[in-house]
Structure formats: structure tokens, C-alpha cells
Amino acid sequence: MLVQFHPRPSSSSSPPPHRSLITSRLLFRNWMCSRDISLPLKKKRDGIDNISRAPSSAPSAPTESAATENDFLSPDPGLRPPGPTPSQSRFQVDLVAEAAGATEDKSPNGPGADPGAGGDEAKGRFRVNFADPSEAGSAASPDGAQAEGLQNGDTVMSETSLHSSTGGQHHYHYDTHTNTYYLRTFGHNTIDAVPNIDFYRQTAAPLGEKLIRPTLSELHDELDKEPFEDGFANGDELTPAEEAAAKEAAESKGVVKFGWVKGVLVRCMLNIWGVMLFIRMSWIVGQAGIALSCLIVGMATVVTTITGLSTSAIATNGFVRGGGAYYLISRSLGPEFGGSIGLIFAFANAVAVAMYVVGFAETVVELLAGVDAIMTDEINDIRIIGTITVILLLGISLAGMEWEAKAQIFLLIVLITAICNYFIGSFIPLESKKSMGFFGYDGSIMWENMGPDFRGETFFSVFAIFFPAATGILAGANISGDLADPQLAIPRGTLLAILITGIVYLGVAVSTGSCIVRDASGVLNDTITQAVGNCSDAACGLGFDFSSCKSANDCNYGLHNDFQVMSLVSGFGPIISAGIFSATLSSALASLVSAPKVFQALCKDNIYPGLSMFAKGYGKNNEPLKGYILTFVIALAFILIAELNIIAPIISNFFLASYALINFSVFHASLANSPGWRPSFKYYNMWISLAGAILCCVVMFVINWWAALLTNVIVLGLFIYVSYKKPDVNWGSSTQALTYHQALTHTLHLSGVEDHIKNFRPQCLVMTGYPNSRPAIIDLVHTFTKNVGLMICGHIRTGYRRPNFKELATDQARYQRWLLKNECKAFYTPVFAEDMRQGTQYLLQAAGLGRLKPNTLVLGFKNDWRDGDMMNVETYISMIHDAFDSQFGAVILRLKEGLDVSHIQGQDELLSSQEKSSGMKDVIVSIDTSKDSDADSSKPSSKATSLQNSPKSPTVPLNVSDQRLLEASQQFQKKQGKGTVDVWWLFDDGGLTLLIPYLLTNKKRWKDCKIRVFIGGKINRIDHDRRAMATLLSKFRIDFSDITVLGDINTKPKKEHVSAFEEMIEPYRLKEDDMEQEAAERLKDSEPWRITDNELELYRAKTNRQIRLNELLKEHSSTANLIVMSLPLARKGAVSSALYMAWLEGLSKDLPPMLLVRGNHQSVLTFYS
């Protein structure tokens, strides 16, 4: 059907009544449903019709409205009310046949009719048409209607008109290019929501709460309530997220957010331009020469540029919060790497404050010494000035980020002025400065200084001295939480800062090497008055001979000897001192801000629980005041020590370790090939990032090998600690992505490899029901599959008329967490099925993946098989037959106390502490008609329901049987001590009966238990059979303590035991000899589990064997920790389920824990290499 909505003319008195609109909507929905037409529905806000906001007439009675709406919803498109009434809606629904021919038959097309109005193009669509008011009895012209529409603020109409297919009525076409009506209303009246950024926010997003999109169930499931109760999702008014954003904007007018210049570029430039620029760069040129100095700067810039590119890639791969390097690394590589680096990075920044402040204090003390103004002595003066300085810096930081940013701008201006002052001064040579080695730019000086002249240094030692000057590229990223747009600011500001500072460093290196000689005496009389034959230096050509001081090695000036040579060259020397102050103070201020921000982010994530007190922020900027105080204390402590020569290399290595991990993060994320790795910054390469990570590690050892080793040890120690604590966070790290990628790759690779006997592993499908309901079977199977084979906990949920798959998925996640919490390496796999057998077949066929598929079915023994419906026994035995049909092995565990503990209140510890603390209430229902069978059926009983509202729910005192059951269910969790595992290997099933006990006794809990082997044999060749078995076991390399050959298995059992067996099966016999054949056949068909007389007589010997084996088991293995015995087979279709169940009962009753095992008769043991 094609549905057309036509607006009816209305007055502009008042909006339509809400109730009338809701009624019309419900009538329309009912009509659509009656014609099997689906109409998507969603949230309606305020009950206002969102298709139009045009005014209509005064409210009318609901009954009148309903009648009118019902009138115009009639199937006949030609039947319309003759004129507008006060109760009519502005929109009318015309029904048009899907086929164009049907439409044409009903009404002719007008001159401007839409040719495809009733054709195939319109099928399945809804189209909104607005009726011409003049056609409905109004005197208004089309222009008037258009003006009215504009006045009412609806939309803008074009001048073109259309004729409907319902009688030539005029319609106005809405131009989607000149108005926003269609954009505003698309999806407006549906439950289905249009794409919206608010759906993708995290709960703690800065712009407000996360907006929840309609769930698939809300859109897909059958309606349980009227659809218009909740309103539509795509209303015209503000969404909850938009309202929250507006509220946030109103409340956060005082919050300071920085752009890329003030937030990143300025900070990075200030941090990279340290004191090294003014007091060490000239010395580096003197040692390494211009060429190698440029190489050193280039190498450092390459490392920082690669790191900057990697930082940009990570920073643009999603929203970046506060925390800088810690946040980037932790969200990329996970909490283990992030937590270890975050702590040392915050500490490094805190100590860097002390290092920069001491550098500032040393410069001040030198100036004081020059004017003889030392207060006490040099060391104490450094401490005093340093303490005062760091207190002032703390005050600036505590005053707020805006004040700190203003201070940084001021310091940058001073620093740039100092740099310009140097370059200006380099073009103004003075005669008074020539004796100190400054001659202005000269080609001979440049050529002489082009090569190296190492004096007690090497290239790498000089590089190690310079490289810390290139660090500081993360100064902007460290305050990522205070940036307006971190994804734009971090890449642009960081890379531009690296470029500018690198050019300046290169410029200073070339400039100083081109205008200053390496050695100068500073004595004006060292001019050349006559030709000197042995003077070949560049200074000689410029009229000075410094050979005397060079030979005596007492030159005080020049690149090699004067650290303050840039002050000499500059136009005004004090400005260089101001530049040094600016460089040190700005770096100290940046580090003083960075350390608390990083530390606060680390504490917020609760990686180290004891530090959570530092996570709290204060004020609108969420300032970490406690972090500031802690940073101040650490910095003050190292300032008072005043010996930073040892700690400085460690700080540099801490920064380099952070850079290395940032580069490795990009490589790792690219290698994992996760769809979530989509950085908007494209100028990166995974292999270049890997090279950058390796370079950072190499530079660490170049700078100081012992500091590099110490850094690695500290990072490794913190990594191990965080890994051990296993913080409960999930950030979608690349470590998870790579783990998945590797698992998928290896699984696919494994699928192409044929199985081999040597690599056989028991991969068990354990029918546990809810995993916490049968702990004994889980504990035992987990013991021999842990780190050896696959274990899947199967759960069949039956009896549901309408399966709730959403609940199934929730349970799957919940019980998987329970398994992980209990350190059980297994997978929980629930399925819905009609009955137990069908569910088992589903699992046998579909459980697992590739080679990671189960090959052994593990069941619990059905202890209560005689108490319930015997059809359950039929189903139980059929499950065993299905396992053999699927070429599975079968294992049945029997405890005489039973397995199912779900009816015992208080035993369950399903929910984690987090789920408990969050107030979640969970009803754990062990829906099981058979208390001790292999899996759950679908009829919950009152005793099988346990309501767990808190970890300390009141428990009823246990009776004796439940107490024994609970103790028995926990027996495999304990160390078994010195005992025996008795293996009754009566029939060769391929070796599974022997392999399982071997794997058990290799585990810690069972290692003190000895294996005893029992086999059947002839009484006259017992020794021969024992030697043959011993030889076989030795070839299999399986240790055993004893081999017992049973020669009396075929002896008849005791009469009382036979009588007890016959009494047990008496209720289940068919007794066909006592009834008509037809009646017997009818009874057998309806109750296939019944035992026929013929069957009982045919398998008399096998029955006696099971009874006799039980006698032998009680005689030889009554004290064993575990009995592992060959499971007797019953031919399918020949042995009834009641007889087979009776065999298992008679074989295993009144014995220690017993494992009945039957492999699939394919060899699982071999003695070939």
C-alpha cells in the first residue's frame, strides 16, 4: 500500500488536542496492523504530532475525534468528509493501491499528476502530501496557503503543484533543496532512530549523558504495550544528550580550554628550548663540529618526529581525555603498559621540576657570585633560591590553568626575544669581542669548525648530552584534558613545535660554528704584530694568535671553553640570561602541571588502588590539587638534595621509555589490524613507528647504560605488578585485538593440519547445566583439561514456548565471568532446545571451532533415574548413543552423594563483587527435573530456586544429606594426598581410559596418588598377562604402582546381589508373556524403555558381569580416591534404556567417586616417536 497524508485546512486558533492525535495514531496503527503493514514506531515527545506543527481548531471531544479519524481512515480513497470540521486533523491518509493500474481506474490523473504516484516506485513507501485548502472548501488561494505555511513556520513550498491520484486534488511540492522540512522530519515518527553522535558517546562524556538508541528487541519483538506511550526518538525538541550538553555549557562557562597554539605549540616549544640552547649548544659545536652537530640535531629530531607522528596517530584515533602519555599508552596497549609507564612518567615530570629549578637557581647564584652577593655558600644558596622558586611556581599552578597559560606566553616571548637577540648580535662583530673568539661570520672559521675536535668526549657522549634538550614533545599532550580539540591540537601543535625548534637548533649550530673560534684567550694583546710561520688557525687570518693559551690549555673563551658564549655574541647580554631564566622556568612550570595531570588520570583508573585519593579534582577545571602538592613535595625533596647529576640520566630514560612505548603502540595497533584502529591522522607507518621504538631504546643505552637497565627493571616490575593485580578495566586495547588476531590466525592454520596421535588431547563437552550447580564435575574435568585440552560447559535449556535469546546471551556472559572468577579455563555454551536429546545433538554438532572442537562427552550419572519419568532415562541413554554416533568418547562421573547442589541455598557465588555492589538482583534458577542428571531440563521447582540478593543472604541450616552433598561437591578442589587412582581397563577403547588418569596424576592436586591398573585375564596365565600389560605401560611411558589381573570376573555373582538387581528392574519389565502380543507391542511403542523377557534372557551373562564387577570393585577399590573404569556398551536398538541404566547402577553403586570412560576406539596413545 502507498499511504499519502493530506493536510486539511484549519484555522490558526490553537494546537490540536493531544488526546485526539494519540487516538488517531492508535486507530491508524490498528488499521495498518489489520492489513499486515508494519509501521516503525518510537518515542513521541509531549504528545504533539510531529508531522506538522500547524495550528488547528479548538479541541473537541475524544469520541468525536475518534469517529472523524476512523472516517477518513476508511479504505476507500474517494470517501472524504465534505469539509473541514473543528475536530479533523490537518493530515488525511489516502489509501492508494500498489499497482498503478488500480489507481488509474479509481481516478484520473490531473495535468500535474505524479506519473509514478501509484507505480512500482511508490511501493512500500510513505509519502506526505499537503492538500490545497481551496479544494476543501477554503477561499484561500494557493499563494495564500503558501503564505500561511510560511507564517506558521512549517516549510517553504515551491510554486510547482502536483495532482494526487485521488480525484485531481491540488498538492504542493516541497523543495528539499530550499528547505529543511524533510531533513527535520525524517525518522521523526518512528521508533527507529536516525544516526546520532550521542548514541556513540561514553557514559562519562564531557558533553552530557549517553543517549541510548532503541534496542533491537524494542524494534523487532512483538509489542507488549501501545507504541505511543514512550514517544518518538527523533523529536524536534532537544534530545537528552543535547539538553545535557546545553546544561554543561551553561555550567562550564568558567572552564578553561586551550587551542592548539596556546595549549600545545607554546608548551612544546618552551619545553624543547631548554637551557641547553643557550649554555651547551655552542660547546657541542666545539666538540663535534658543525657537520656532526647538525647530524646530532637531525638524529634527535628524527626520533622526536617519529614519536610525534605516532602520538598524532594515537591522539586522532578517538576522543582523548586527560592523562597525556599515560592515557595514550594505556588505551592503546592496555593497563599493564599504561600503568607502569604512567607512574614513572609522572614521577619523571615531578623530578624534572627540581632539575629545571636547580638549573635556574645555579644561573642566579652565578650572577650573585659575579657581584659578590652570595648569601651563605653556593649549595645552600641553590637550595634557598630553588625552594622560593618552586613555591612561586606552585602558586601560579594553583591559581588555575589560565594563569599558568598566561605565564607560559610571557616566558615564550622572553625566550623568543633572547633567541632573536643572539642572531641579531651575531651580525654585529665588535673589536672588543674578537679577543674572546667572536669575529662575525667568516668562511675560514666555518670551514675550520666543520669537522669534529673531540676533547675527552665521543660522538655518542656528546649526543647523550644534547638529546635531553629534544625531549618535551609531550608537554602539550600531557594536558590533553584541558584542550578544546585534542585530536586537532596535539598533531598540529606537536609536529610544528618539533619543526620550529629543530630549525632553531640547526640555525644556532651553524651560526655559532661560523662566527666563533674554538679557543680564545680573551687577551687583547694576542694580536699578530708580525708574520708568524706556525700560526695556521682561522684566527690568525683575522689578526689574532691564540696558540699560546692553546698549548698551555688555559684558554678561557671560545666554543670549547665558554658556556656563556651566546651571551657574548648577543646584542644585549642580559637578555640571554633572561632567556635562560625563561627556558628553565617554563620547563619547570610545564612539568609541574604535567605531573599532577598524568598522575590524576592514573589514579582515576584505579590501576594502583592505594593512590585513589589523588584522583579527586577540584573546581570547574577539575584541578588535581593533591597531585600538585605531591609534585611539589617530590620536587622540593630533590631540590634540597641539589645533586641532580645522577638522577638526570634516569629522568631522560624515563621519558625515552614513554616515547618508545608510544611508537610501539602504533606498530602494535597496526599489526593487530583492528577495525577500531582508524586514526584520522594518516601520515604514519607501522614500520617507521617500530624503528622509532627501537631507536628510543638504543638512545636510552647511549645516554647511560646503567640508567637504561634501571629504567627497564622498574618498568618490568610495575608491569608484573599490574598484570598480577589484574585491574578490572576494558579499554579495547590493541593487546586484545592482537590476541584475537593471533587466535584466529592460529585456529585457521590449525584447521589445515591433520590430527596426530601424539597430539591428541581430551577436549570435553561437559553437560553441566549452570556451571555453579555441579562443581564436582567441573573441578574434575578441569583438572585433566587445564592447559591440555578444551573444556566446554554445555547447558540445555528446554521447555520454553518462546525462547528468550537476549536472556540467554546475558547468562552466557554472566556464567563465563563466573568460570573466569573461579579460575576455570572453560567456555560456557547454553542452547535452547525442545528436549535434552535435541540440545545435546546441537552441541555435539556445533560446539567448538575448527580443530578446537570437543571429542568427548562428559555426563553426570543420573542418580534419581528411578524416581522420575522414565522417558527422561530414555533421553539420557539416547544422549550417550548420539555421542557414539558422532564418534565422540563418553565419560560418566558418579558420586554416591550426587552432583547437583543448586537446591542448596547460599552455595552460589555467581555474581562478581562489582555486580553485587551495583545493586543487581539475580534469581538463579537451576531448572532441573532430575536432581543429579547431566544437564538442566525446564521445569523449575521451588527447591531449585535460589534468590541471591547479596553475598550474605541468610541460609537455612543444612540437613545431613545436603551437608554430605556439599562436602562431596568440593572434594576435587582439595589436594588428594597419598592415595590411589584405580584404573579398571577391561576393554581397549583406544587408550582414553588410561590417558585420563595419567593426566590427572600429573597435576598438583593428584601428584601424590599412584595409578593401579586392573585388567581381566585367565586364571591360569595371570603372570603372563601382568607382564604383557607392564610392557605396554612402559612403552606408553606411564608410571604405575601395581597391576592386578582379575581371573574371576566371569564367576557368578552372589545370589542376594542378583536378587537385588532383579528387584530393581522389576517395575520396568514389559512381561510380554503375560499379555496379548498386540497389547505388548502397543505398550512397548508407548514406553520404549521397558525391558522385554527375551532381552533380559539374551543379556543375562552381561548383566551378571556388571553385578560381579561391582563385587570386585568393592573388594579391591573401596578405598581409592578415584576409580576409572571402562564404560560398558549397549547395542543401540537391542538393549532397552532401563536395562542399560540398571547395568550402570549395578556396576557403580556404593563406591568411591567413579569415572566410567569409553573412548571412540581410535588410538589416543602411541609408543612411536
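Every residue number used here counts from 1 along the chain in the order it is shown.
Note: Cβ is positioned from N, Cα and C throughout, glycine not excepted.
Among the features that TrEMBL reports, compositional bias 'Low complexity' is placed at 54-77. Under the heading compositional bias 'Polar residues', TrEMBL lists 947-958. As annotated by TrEMBL, domain 'Amino acid permease N-terminal' applies to 175-227. Under the heading domain 'Amino acid permease/ SLC12A', TrEMBL lists 263-765. Taken from TrEMBL, the feature domain 'SLC12A transporter C-terminal' covers 774-1169. Per TrEMBL, region 'Disordered' is recorded for 47-89, 101-124, 132-151, 930-958. The transmembrane segment annotation in TrEMBL covers 291-320, 340-361, 382-401, 407-428, 459-477, 489-508, 628-648, 654-671, 683-701.
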| query | Counting Cβ pairs under 8 Å that are 6 or more apart in sequence, does the total for the transmembrane segment (340-361) and the transmembrane segment (628-648) reach three or more? | reply | yes
| query | What else in the chain is close to the transmembrane segment (654-671), if you only count residues 6 or more beyond its ends and a Cβ gap under 8 Å? | reply | 303-304, 306-307, 310-311, 313-314, 317, 325, 328-329, 332-333, 337, 341, 344-345, 347-348, 468, 471, 473-474, 677, 684, 686-687, 689-690, 692-693, 696-697, 699-700, 703, 711-712, 715, 734-735, 737-738, 741
| message | For the transmembrane segment (459-477), I need the partner stretch with the highest count of C-beta pairs below 8 angstroms, choosing only from 291-320, 382-401, 407-428, 489-508, 683-701. | response | 291-320
| query | Where, among 382-401, 489-508, 683-701, do we find the most CB pairs under 8 A to the transmembrane segment (291-320)? | reply | 489-508
| Near the transmembrane segment (382-401), which residues from the same chain, at least 6 beyond its ends, have a CB less than 8 A from one of its CBs? | 256, 258, 353-354, 357-358, 360-362, 364-365, 375-376, 407, 479, 482, 585, 588-589, 592-593, 619, 621, 623, 625, 628, 632, 635-636, 639-640, 642
